Each structure stands twice: as C-alpha cells, then as structure tokens.
C-alpha cells in the first residue's frame, strides 16, 4: 500500500508539472480568454457592448473656467494683462448615439453623437445666467481679421466707429458659452451671409451633434473596434497642408479596443480640436480596485517640430510650441488652442500674461484604460481657448496692445467609473483571472504531490534504516 502511494504521488506530481508548464508555454487559457474577449467586443445590435456604446453609462462632467480681465485700460496702453480665473461652472454632459445604421457586411456602423449639457449648481461657483465676465471681444477680432482679407474693409471700419465697439466686453457666463446676438456680426451677416450673427464659445453645441461618423464594428479585427473611417462623409480632413496632418485616426475617445499593450500608441479624433491626436502610456494605475494603464497626451502634440509643420496656417507660418492655430476650422475666428494655463507651452506664452500658473495635476490631459477590456475608467480632457491679438494702426479699438496669445477660458471634461459599473467589471476580470491562473493551480497541485512523493520517499528510507532486533542481527553467528 505504501509503495503504491509512493509511485502514485510521484507520477501525479510529474504529470501535473509537465501539464502546467505546457499550458503556460502554449498560453492555452490566456488565448482562450483573449479569443472570447475579441469575439464579444464587437458592435452588434442587442449586445451589452453595443448598448454601452450607444448610451455610455459613465457620468461625464465638463467644468468651464473663465479668465476675467482686471486691467482692460492698462492692456490697451501696452501693459501686461492681469487675469483672474473664475470657475468652475459645471455641467453634466448627456450623450448618446443616434441615427444608427449598420453597413451591409456588418463591419461598419454609422451614427451621430448627440450631446446635451445640464447645469450642476452644487458643483459650481455661481450662476452662469448672473455672473459677469470681462473678456476680449472675439467677434470684433474676427471682423477685423475679415477686413484684412475682403473688400469690406472700409465698411467694417465705419461700422466699428458707429457702434463704438470696444476690445473688451462684459457678458454673462451663459452668453459666452451658449451664444448671444452680436451687433457687428449681425451687420456683417447682411453683406456676408456665411458669417453667423451670433457668437458663443459653444454656440449650437447644446442638444446637437458634431456630424455623422462611420465606425468599424470590430467584426473583422478587434483592433478596429470603434475606429473612425469617415466623418461627415470624408475619410480625411482638408484644413491642413499635409496628408498626414489631415488624417482621421483612431476612435472618438469614448472607447478603445480590448487587450491593450502598454507599448501601443493609441489614436483618437476629438473634432473640437480639428485634428487627430495620439496618446502614450505613462504609468500603471488603480481605479476603484481595477487595474488601468494611464495614457497621456504628450507635449509633442503641440510642439513646433517638422512633424507638425502641416498644422501651420498659412503654410510655413508656425507658432511656438504649446499652441495651435485652429482659425481655419472656426469660420475665421482667431482661435488658438493650448493646454490650460499654457501647460507644456513655451515660457513666452506664460510670462506674457499675469495669472498663468501651469501645473501637471490640474492641467494635464489623461485617460485611465482597463487594458483587458479597453473600457475607460477615468479620464480628463483639458484644453484652453485663446485668441490672437495684436495692434492694428487702422483699427483704433486695438490701442497699443501687445502682440500675444490671449487666454479666454479653459475646460476640464472628466469621467470616473461609478461603483456599480466597477463591481460588474471586477466580476468579469476576476473570472478571467481564475481561468488564466488554472495552469498555476495545476502547478501548485504538482508541487504538492511532489512534496508528498518526497515525504514518502524519506519515510520509506527511514523504515529501511530502522528494523527489528532480529532484522538487525547478523546472519552468521559465532
């Protein structure tokens, strides 16, 4: 009986160890999990993945911070602007996909993303309908720039004088965000109908969408999950001067493909920035007990490099690192994008304004992604809207102002997975961990039986060393 147990333990130990090593080397269970995820992460009507894509369950908030101008007269005399940050004014962002249509072969799906904003008073510093902000007159600057390029110059000069337009204006937060009717724009609209009579930093963005997208469903390849192939009927942009800069790359930022490697560079197309951007791995994170890869927008995105030369408008007219001229896609308004407080921009932009305090924690854009599922656990998209201003001798409204990139406001669009969704995701991840750890469980059993085998071997040797008195007696006695 003892000898039988001895051989059984040894055989089981060897068999289990060989099996576990074979399973680990062949990655049998890991491949099974990966294939299951790849198969399920497809945009198919009626699935959980599709429902989450159509109506994202995670709460999204957008915070607006304005820069109130405290020394307007001094600025017109050539002094440095002194700005005071006012905010946040927080809104809940409600989003859903609509007008959904699948392609004939199931590999594509078209949709628009509707967005609406609901004010959150308890997360804000004041009432946007009451609070006043003094800021630079972007409609005036837009019209002045228009006058440089058209035959309407004399007419525009006359209108500015007649209506006594000022370079700095006061409006409520609500007006600056969602729009108001501007006197000068209304007059220009009569002669140039493509110029809207209304102005707002997010005018016609509440309760609307940014156009139709065509996405890949991931049916043919999981790496293509929710990847954009068309936007507003175009497979590429036409604003920039090179084919590379005009490419529409990646997803819309709401989702990413599963099974992400930290060595990957991920791409996304935020239409409000008028270009595609890439994000790179930064660190390992833990969000609500879930593992995550933190990806960040690198400084090179807005760097003054040869790779970004195609974003210089007009061609060859490149600005210093940290800012992007997007006036070409904003109906000619002299809008310059940057990170908040000119974070990661050239020092010249920071020092030109009193009140800029860039720091990583508050002004960096990032996204924390669960690498197994590609689900976003936490994220913050932060960028600043500025305008380009300079002295123009023919327009007295500009006074003796310095040439500069003038901050208007910045936003922080953030998302954080809720506990209920996190617990559901934990259940999925824990199940996959159990499956992928089966080889280690088998190995542990092999080690256990190996120890039993060793113990039985030692016990058997001890039994041979210790016998009865008769067994130890010599066979031949004298």
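Any Cβ shown, glycine's included, is placed from N, Cα and C.
Around residue 329 (disulfide bond), taking its Cβ as the centre, 19 other Cβ atoms fall within 10 Å, counting all chains. Feature annotation from Swiss-Prot assigns disulfide bond to 274-329 (among others); the stated evidence is similarity to another entry.
In this structure, residue 318 (disulfide bond) belongs to neither helix nor strand by DSSP; it is coil. Long-range C-beta contacts of residue 318 (disulfide bond), restricted to its own chain and to partners at least six residues apart, with a cutoff below 8 Å, comprise 304, 308, 309, 312. According to Swiss-Prot, the feature disulfide bond maps to 312-318 (among others), an assignment based on similarity to another entry.
Residues annotated as N-linked glycosylation site in Swiss-Prot, with sequence analysis given as evidence: 45 (among others). Long-range Cβ contacts of residue 45 (N-linked glycosylation site) within its own chain (separation 6+, distance under 8 Å): 102.
Taking the Cβ of residue 68 (N-linked glycosylation site) as centre and 10 Å as the limit, one finds 18 other Cβ atoms among all the protein chains shown. Residues annotated as N-linked glycosylation site in Swiss-Prot, with sequence analysis given as evidence: 68 (among others).
Feature annotation from Swiss-Prot assigns N-linked glycosylation site to 105 (among others). The Cβ neighbour count for residue 105 (N-linked glycosylation site), using a 10 Å radius over every protein chain in view, is 9.
Annotated N-linked glycosylation site per Swiss-Prot: 122 (among others), in sequence order. Secondary structure at residue 122 (N-linked glycosylation site), taken from DSSP and collapsed to helix, strand or coil, is helix.
Neighbour list (residue 206 (N-linked glycosylation site), Cβ cut-off 8 Å, at least 6 residues apart, same chain): 115, 116, 117, 178. Annotated N-linked glycosylation site per Swiss-Prot: 206 (among others), in sequence order, evidence recorded as sequence analysis.
Residue 224 (N-linked glycosylation site) falls within a helix when secondary structure is assigned with DSSP. The N-linked glycosylation site annotation in Swiss-Prot covers 224 (among others).
The annotation N-linked glycosylation site is assigned in Swiss-Prot to 249 (among others). In sequence order, 228, 267, 268, 269, 276, 278 make up the list of same-chain residues 6 or more apart from residue 249 (N-linked glycosylation site) whose Cβ falls under 8 Å from its Cβ.
Annotated N-linked glycosylation site per Swiss-Prot: 304 (among others), in sequence order. Neighbour density for residue 304 (N-linked glycosylation site): within 10 A of its CB lie 15 other CB atoms from the protein chains shown. According to its DSSP assignment, residue 304 (N-linked glycosylation site) is coil.
DSSP assigns residue 325 (N-linked glycosylation site) to a strand. Residues or ranges marked as N-linked glycosylation site by Swiss-Prot on the basis of sequence analysis: 325 (among others).
Of all the Cβ atoms in the protein chains shown, 20 others lie within 10 Å of the Cβ of residue 412 (N-linked glycosylation site). Secondary structure at residue 412 (N-linked glycosylation site), as computed by DSSP, is strand. The N-linked glycosylation site feature in Swiss-Prot is assigned to 412 (among others); the stated evidence is sequence analysis.
Cβ neighbour count for residue 430 (N-linked glycosylation site) (all protein chains, 10 Å cutoff from its Cβ): 10. Under the heading N-linked glycosylation site, Swiss-Prot lists 430 (among others), citing sequence analysis as support.
According to Swiss-Prot, the feature region 'Important for interaction with GBA1' maps to 155-191. Look at the region 'Important for interaction with GBA1' (155-191): DSSP puts its residues at 23 helix, 7 strand, 7 coil.
Annotation comment: Swiss-Prot describes 1-4 (among others) as topological domain 'Cytoplasmic', evidence class sequence analysis.
What Swiss-Prot records for 28-433 is topological domain 'Lumenal', and it gives sequence analysis as the kind of evidence.
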| remark: Taking every residue in the topological domain 'Cytoplasmic' (1-4), the average pLDDT works out to 55
| What is the separation, in Å, between the Cα atoms of residue 68 (N-linked glycosylation site) and residue 274 (disulfide bond)? | 26
| query | For the glycosylation sites 122, 224, 325, which one has its C-beta crowded by the most other C-beta atoms within 10 angstroms? | reply | 325
